[in-house]
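Worksheet: the structure to be examined is printed underneath.
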């Protein structure tokens with residue numbers, strides 16, 4: 001059984017609307033999601049003693065989400081991740097996007113899907129959010145109708161993304177939750193054991209755009225096919241952290257993508273997806289300046305993201321899995337976040 005309750009979370013400035021919070025609860029999980037950016041604001045998971053802790057970074061109040069912050073818990077789009085120089089060419093026409101990350105466009109631009117109010121619809125076991133992204137929004141062609149659905153099934157949070165376009169446009173949607181299985185506010189994620197089921201990854205240049213090479217993980221810091229303890233692994237390979245796309249076996253079927261185990265609490269997160277990639281990000285740009293829930297500081301490496309998605313900059317790299325959605329087609333992807341205790 002899943003219960004779904006709705007409440008007011010806060011009001012947007014200048015009468016721009018009311019943000020609602022939807023609480024989904026099963027016997028194993030409790031998830032809070034707000035209609036601003038379809039954002040997961042809390043996710044409570046029990047440890048091996050049966051004690052529940054909130055394992056996602058974020059804020060207690062709406063104001064936190066309205067300030068400049070690194071996409072905590074939000075759905076990002078129209079195109080997640082980076083597009084080189086914020087430009088791409090489609091049917092001979094060049095499109096220019098907002099530049100908001102060095103020389104590149106990141107996560108949909110200045111006002112992406114994370115910074116808009118979505119329309120909610122309560123379901124028996126979750127909530128569906130929808131919106132229409134108008135033609136030309138943030139420089140993207142065509143009107144895009146989007147639906148994001150969160151449902152709960154025991155210890156599993158299921159996120160489904162659907163979209164339909166009036167003209168050909170790139171689409172790549174993901175959720176940008178930062179997890180810390182020791183509980184949000186814990187100082188780092190070094191004691192987490194990480195596994196990612198990928199034989200290849202995408203090397204990036206100095207502004208984090210894929211070089212175009214699809215490289216084998218064999219013998220590199222990116223070989224996470226067997227569990228590694230993150231802190232020791234980063235030290236051993238002298239890496240500052242991860243912010244890279246791991247290439248998953250291509251198919252539209254549900255498949256295992258990653259697992260993270262926190263031995264201290266016993267919490268385990270398994271991720272399954274229909275997407276061709278996952279961006280593993282270890283919170284390298286967090287610097288402790290943002291004050292999160294219960295006044296927690298979020299320093300570097302205090303949370304990790306597993307952003308299931310298409311490959312970064314795919315609209316400019318023809319040999320990457322395609323990201324163009326054509327009229328009459330439907331974008332339809334699902335990711336499963338499964339929590340358990342070991």
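Including glycine, each Cβ sits where the backbone N, Cα and C put it.
Note that the structure is a prediction, hence the values are computed from the model and not measured.
Feature annotation from TrEMBL assigns active site, proton donor to 176. Feature annotation from TrEMBL assigns active site, proton acceptor to 307. What TrEMBL records for 81, 82, 176, 177, 178, 243 is beta-D-galactose binding site.
Annotated features, which come from TrEMBL, shown on the structure.
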{"residue": "81", "record": "beta-D-galactose binding site", "contacts (Cβ under 8 Å, 6+ apart)": "106, 107, 172, 174, 245, 279, 307, 309, 311, 312, 313"}
{"residue": "82", "record": "beta-D-galactose binding site", "contacts (Cβ under 8 Å, 6+ apart)": "101, 104, 105, 106, 207, 208, 209, 312, 313"}
{"residue": "176", "record": "active site, proton donor", "contacts (Cβ under 8 Å, 6+ apart)": "70, 71, 72, 73, 74, 75, 76, 80, 107, 114, 305, 307"}
{"residue": "177", "record": "beta-D-galactose binding site", "contacts (Cβ under 8 Å, 6+ apart)": "40, 43, 56, 57, 72, 73, 305"}
{"residue": "178", "record": "beta-D-galactose binding site", "contacts (Cβ under 8 Å, 6+ apart)": "56, 57, 58, 70, 72, 73, 283, 298, 302, 303, 304, 305"}
{"residue": "243", "record": "beta-D-galactose binding site", "contacts (Cβ under 8 Å, 6+ apart)": "204, 208, 279, 280, 281, 282, 284"}
Span of 81, 82, 176, 177, 178, 243 around beta-D-galactose - largest C-alpha separation, Å: 18
